[in-house]
Amino acid sequence: NNVQQMIITCVKIEINCKHQFLTIFINWRKFSSENVQNLCCVNFNHNPNSELSSKDLTFRGHGDSVDQLCWHPKNPDQLVTASGDKTVRIWDARTNKAVATVNTKGENINICWSPDGTTIAVGNKEDLITFIDVRSHRSKAEEQFKFEINEISWNNDGDLFFLTSGQGNIHIMSYPELKMQHVLHGHPANCICIEFDPMGKYFATGSADALCSLWDVGELVCVRTFARLEWPVRTLSFSHDGKMLASASEDLVIDISDVKSLSYNEGFFGHSVSDYARVLVRIITLKTK
């Protein structure tokens, strides 16, 4: 059947206690030459009062792979996707429909919202970062880099813009001036992902060296490292209160640690994405009671 003719790639796993749900982003790739037509967003909701409770949401419209998804920082019903079809799409989660489509110059692989929700930054395979005004849906700035850019993020105040690089560094630019301020030598291998603590105290980076590093935002120094995974760290997420940090890779385990004590809270092994999701929901439910 069609399911057996597809490869499923888990792109990002996000714990979102603020919005009371866990989201898994799945990239469907067909073996045939047909373009990928949809992003499947699997939603395991433990909030019975939410309109989105116990629903699997599918957003169709992209003409190629969807490599990253990001929820609006203030509006729980809005999300944005970056696709290889050279577009960015803003979606309404209540209707599963795109409210805006923005054409870009290249195949997009990473995306993020500014903390105030007024700007979207998207990066493509040519290491070009485009800043999109959410109200006009137009590009308002571009920055071309001469090195590999992996993931991008604003700090919580929105005055600094962070990039992880293939050189293992974290590049920090002023915003909106986009002037380079600092380059942190974070890892000896490719620095893949970055995530900010909702409390604004820490940010974390994950690397091809299988390490997850915790950084002090104010001092810009690494204060701790997590070394329990064996494969490159692909994705990170803090809990809503910043007390827990989840990291994941190709390992059949998602590592969840207590940020302050560095204790190993809970990990789990499984054979499917749904196994991961169910256990993560249980963990979040217990931790937020």
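Glycine is no exception: its Cβ is also placed from the backbone N, Cα and C atoms.
For reference, TrEMBL has these:
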REPEAT    59-101  repeat 'WD'
REPEAT    184-225  repeat 'WD'
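Per DSSP, the repeat 'WD' (184-225) is made up of 0 helix, 24 strand, 18 coil. Sorting each residue of the repeat 'WD' (59-101) by its DSSP state yields 0 helix, 25 strand, 18 coil. Computed over the repeat 'WD' (59-101), the whole-number mean pLDDT of the model equals 90.
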